[in-house]
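Student: Here's a structure for you.
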Amino acid sequence: MTHFALKNGVLHAEAVALPTIAEQFGTPAYVYSRAALSESLKEFHDVLGAHPAGAGALVCYAVKANSNLAILNLFARLGAGFDIVSGGELQRVLAAGADPQKVVFSGVGKTAAEMKLALEVGIFCFNIESIPEIERLNEVAGQLGKTAPVSLRVNPNVDPKTHPYISTGLKEAKFGVAYDDALALYRRAAALPNIAVAGIDCHIGSQLLDPSPFAEALDRILALIDQLAAEGIQVHHIDLGGGLGIKYRADQVQPTVASYLNPLLDKLHGRGLKVVLEPGRRLVGNAGLLLTRVEFLKEGEAKNFAIIDAAMNDLMRPALYEAWHDIDPVVPRAGATRDYDVVGPVCETGDFLGQARPLNLQAGDLLAVMSAGAYGMAMASNYNTRPRAVEVMVDGDQVHVIRQRETVEQLYAGESVLPQ
Ligand code: LLP
């Protein structure tokens, strides 16, 4: 169910009216729903718990989607693990109370220092993406007198049919090791003294609304597991990455977690493999919105603009991927609409959050940019010396600030002028 809904003509987050949040904390503001976050994780846990192949499965939330400590802490308390891609994310999840034994470390460019930190705290698995990477890991583990558990991220070469910038499993991608090289690489990994082969991993892309490519990828990975077993190389877990999509338009239908996972679990049944998943967007995307206020209405010669106080620096997705986010009035007005380009104050033509949106607006109105919980704040920047937005979490009728609005002083605190 959605936890952002109109009540008496006013958009609410759970039991809290959004204008109250705007008044108390200002705009732009990221607003999350605790219930929505909890329910999206529960959907995964329920499906896994109901299938025999889901026993012992681990849902590792992809921290990059939204790394706020409160969100990480909430997921940790609900039993999730974490998929991290940097030492910074590792420190974050530890600060949020994560169990290191539930952490997988992805990414193509792990530094020796990041590997050392992860080995010291004892993470569950390193997802390895190249030969030089595994050699570096072997060396770092040797120096520490440890054995590093690894999966190789195999590129199954399937087309996820999503935006090219977020497709990762094609052979042209920088990610993973080529399917045809995987066997040789596993042999090499198995021979390295400080490496323990633990699992196998793949991630084919993001925002997949058709689950069939996942099954195609799994078939290819299972064939590889059989080849490995024939050579005496056993993997204990299979990490299927993230990528399940969400609806970005109110009238869209999103695949259920069951329709995505059950066909995969059926294929895995009886193999005795622990299942690891790395969902990001699906857990947080529709649990957050960006609340913003209309500063001015500008009637242009060819277009009408609604100039708002949020911008591309707050939510990069429309500028970067031409991504669609519904933009809903917080207090909808009756009457005729006009088409507005909803734009920010940043000095770039690409600074829009939506184009040609039929809205009935007045200056000062509040708008909610929907489905902004994933890759929203996490990708925000300070371009144009714009302090990043406040983040609040609604829990029933309570509102908690989970990240304060930045101040301009904080933005230049680390800078200094020349002595003369
Ligand atoms: N695992 C790995 C190895 C990944 O690279 C990613 C996302 C995930 C898991 C989580 O994928 P998800 O479940 O969120 O689809 N900034 C883009 C999305 C980039 C995704 C990068 N990798 C966007 O705003 O659409």
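Every residue, even glycine, has its Cβ placed from backbone N, Cα and C.
On a predicted model such as this, the values are computed, not experimentally measured, just so you know.
Sequence annotations record features per position, and here TrEMBL assigns active site, proton donor to C347. Per TrEMBL, pyridoxal 5'-phosphate binding site is recorded for G243, E278, P279, G280, R281, Y375. Under the heading substrate binding site, TrEMBL lists R281, R317, Y321, E348, Y375. What TrEMBL lists as domain 'Orn/DAP/Arg decarboxylase 2 C-terminal' is 30-373. Positions annotated as domain 'Orn/DAP/Arg decarboxylase 2 N-terminal' by TrEMBL: 49-284. Among the features that TrEMBL reports, N6-(pyridoxal phosphate)lysine is placed at K64.
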Student: On a C-alpha basis, identify the one among K64, Y321, C347, E348 that is nearest to Y375 (pyridoxal 5'-phosphate binding site); the candidates are the recorded positions.
Tutor: K64
Student: Select the closest residue to G280 (pyridoxal 5'-phosphate binding site) from the following recorded positions, measuring between CA atoms: K64, R317, C347, E348.
Tutor: K64
Student: Check G243 (pyridoxal 5'-phosphate binding site) against DSSP and tell me helix, strand or coil, would you?
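Tutor: G243 (pyridoxal 5'-phosphate binding site) sits in coil per DSSP, no helix or strand.
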Student: Compare the Cα of R281 (pyridoxal 5'-phosphate binding site) against each of the recorded positions K64, R317, E348 and report the nearest.
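Tutor: Its closest listed neighbour, by Cα, is K64.
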Student: For ligand 1, list the recorded positions among G280, C347, E348, Y375 whose CB atom is within a distance below 6 Å of it, in sequence order.
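Tutor: Passing the 6 Å Cβ check against ligand 1: G280, Y375.
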Student: Go through Y321, Y375, our binding-site residues, and report the one whose Cβ sees the most other Cβ atoms within 10 Å.
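Tutor: Output for this query is Y375.
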Student: I'd like to know which of the binding-site residues E278, E348 has the most other Cβ atoms within 10 Å of its Cβ.
Tutor: E278
Student: Cα-Cα separation of E348 (substrate binding site) and K64 (N6-(pyridoxal phosphate)lysine), in Å?
Tutor: 26
